[in-house]
Amino acid sequence: MASLIYRQLLSNSYVTNISDEVSEIGARKTTNVTVNSGPFAQTGYAPVNWGHGELSDSTLVQPTLDGPYQPTTFNLPINYWMLIAPTQAGRVAEGTNTTNRWFACVLVEPSVQSTRREYVLDGQTVQLQVSNDSSTLWKFILFIKLEKNGTYSQYSTLSTSNKLCAWMKREGRVYWYTGTTPNASESYYLTINNDNSHVSCDAEFYLLPRSQTDLCDQYINNGLPPVQNTRNVVPVSITSREIRYTKAQMNEDIVVSKTSLWKEMQYNRDIIIRFKFANSIVKSGGLGYKLSEISFKPMNYQYTYTRDGEEINSHTTCSVNGVNDFSYNGGTLPTDFSISRFEVIKENSKVYIDYWDDSQAFRNMVYVRSLSANLNDAVCSGGDYTFALPVGAWPVMSGGAVTLSSEGVTLSTQFTDYLSLNSLRFRFRLTVSEPSFSISRTRLSGIYGLPAANPNNNVEYYEIAGRFSLISLVLTNDDYQTPIANSVTVRQDLERQLGELREEFNALSQEIALSQLIDLATLPLDMFSMFSGIKSTVETVKSMTTNIMKKFKTSNLANAISDLTNSMSDAASSVSRSVSVRSIGGNATSRISTAIQAGDDLRTVADASTQISSVSRSLRLREFTTQADNLSFDDISAAVLKTKLDKSTQISQSTIPDIISESSEKFIPMRTYRVIDNDTAFETGIDGHFYAYRVDTFDEVPFDVERFNKLITDSPVLSAIIDFKTLKNLNDNYGITKTQAMELLQSNPKTLKEFINNNNPIIRNRIENLIAQCRL
């Protein structure tokens, strides 16, 4: 059968080159996963300053330890721990504010009985009473005096095997570690004037900011690691740590380094980012009460603003990633409001904004390092969207909000209709905000996030202000421009080509001959026969099929097949056991409110139909994985695809993979499946309709859910090419034999072709309806 092409794609789509797979993920426009691209992932050139790039959240980067520094006297910076590492007993450090506080620290070796030792403190020789009863631990002792000519008194001790102590000035106090390792902790003993207090140190030391207090605790209690990551290889003077700060202007070009051919330019720019979300709202066929999709789309926006008196022409592209799919089903009747899928961005989503302007900073953005940005947050609030139904009150989706916070910036390339622009991609993480969104006149309410229905809330644009800085390697001669390196992003001409191709495909449905379609659907279409009729690709079928298989691997059908067992068991078990209900037909509105008693669970037929719909979606997988000679919906969709590929004038090697993948997911969305038990047929549809009827008379009988659950597990599942309504209509108007009825129930292609060749209007209308559903 023609659906062999889908089976062949599935069975051969699991061998792929990893680099191609990475490129595929990076180029994907809409996906339900988060892609964390590296800072140089979008260009073909290496960074000037080699580094690890971005790291996963679970990866720990050990902070660099600032030091070691040579013994010296200096004004210890406020909010910095001074971690001292002496190697021998004696005076370690001392300090004073020169008015009313003098403090000193001495180190005593193990096993020292109480004794008096001489130390030179504050320029004077003094005797201090010291002792250390431990035979293994060294002991730091803190002495303090309150007058210039006063005597030192012992205030605190720290017993340690690591010979490390630390103190810090903050909030007008001196903080010090006390206790015994590995349980030593910080405390304070002095109130001083932090600005005028100097420290004299007799040993090597390190500096740690207050934000790394936990790391300082670790060093004090456990010692320095064997090979710690330090700023200096050997101890250096503390003066080498002094940095000359220059006040940077918001917008300036600085020559960092220069040779005869190249120079490094630092560009500092303030920036105003304006962006908009785009969306797509697609209605399903029928009476106009059902929507197929509400989704986000990339949106380009051009604008101008003034920077330091200069008018800047800017271009942004806004896209989203990691969207969340929601749905709403108001019932199974054609007049019941429902949305098959609508996208919402939440905490697990990302927003990408690619920015370019015509300033000097973007003219040579190829070799870039030290790229950074500081941006304000932005709140995006959803507006009202009214679903204009043909009859009845109109539901309104309203509310929803998210806050965008800057997460990072990388290089990217924006593609327009005329040229490629090297640009900056700003990544934003999301947090949900008030209010939540809801759909009026439905039970859907209290959901947080920003839905795709009206994400711009009727405002012209959202705006984010900030600044960025980068160092770019450019030619010394400003008259030359570094060539732009092409790269892959989500905005390519491919999307435009696919849009035109979809329109052509949908228009070709009127040109398909029904009899030839049935013949084609019965043929075993393989990879070569499927694509051999395409003139532009006949010589590249082998290489093209590799791309098709890689694309098909990520389709919904491929993912669903891999989870077939779980999907079937979960869906089947969700339907109530030991219960019989009446079928739901097109005119059975009076039965919708009928209650079904299932143990202690009281539900409506409408609820049961929703569960039946879930089972029906899994029945495609059940049929797909079993070989049969009967015609299936996938056979018809593959035959329609083959016919349209042969007739298309716009098909190309780059668009075929997307078309093949989309066709497997979107062709014939309203499918009906049946299982046969002796003289009774059970038929369920994706739309939630379900029937049970006699195969000889087509009279309806109660739908035995328990029996149905057993049949879909043990019996063949058949595509209802000719569904129950069509069969009953055919029998009432023309009359058919029991043999013909069984063959139509089993979707026998020979019998179908006979009815078509005899111009039976009921059968022809049904097949034409299926072809019309083969839309992209």
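Cβ coordinates are placed from backbone N, Cα and C, and glycine is handled just like the others.
Quick caveat, the model's predicted, so the values are computed rather than measured.
Feature annotation from Swiss-Prot assigns region 'Spike head' to 65-224. Here Swiss-Prot flags 248-479 as region 'Spike body and stalk (antigen domain)'. Sequence annotations record features per position, and here Swiss-Prot assigns disulfide bond to Cys318-Cys380 based on sequence analysis. Sequence annotations record features per position, and here Swiss-Prot assigns region 'Hydrophobic' to 389-409. The coiled coil feature in Swiss-Prot is assigned to 484-511; the stated evidence is sequence analysis. The feature region 'Spike foot' is assigned by Swiss-Prot to 510-776.
With DSSP states grouped into helix (H, G, I), strand (E, B) and coil, the region 'Hydrophobic' (389-409) comes out at 0 helix, 14 strand, 7 coil. Taking every protein chain shown into account, Cys318, Cys380 are the disulfide-bonded residues, and of these the Cβ with the most other Cβ atoms within 10 Å belongs to Cys318. Mean model confidence for the coiled coil (484-511) is a pLDDT of 54.
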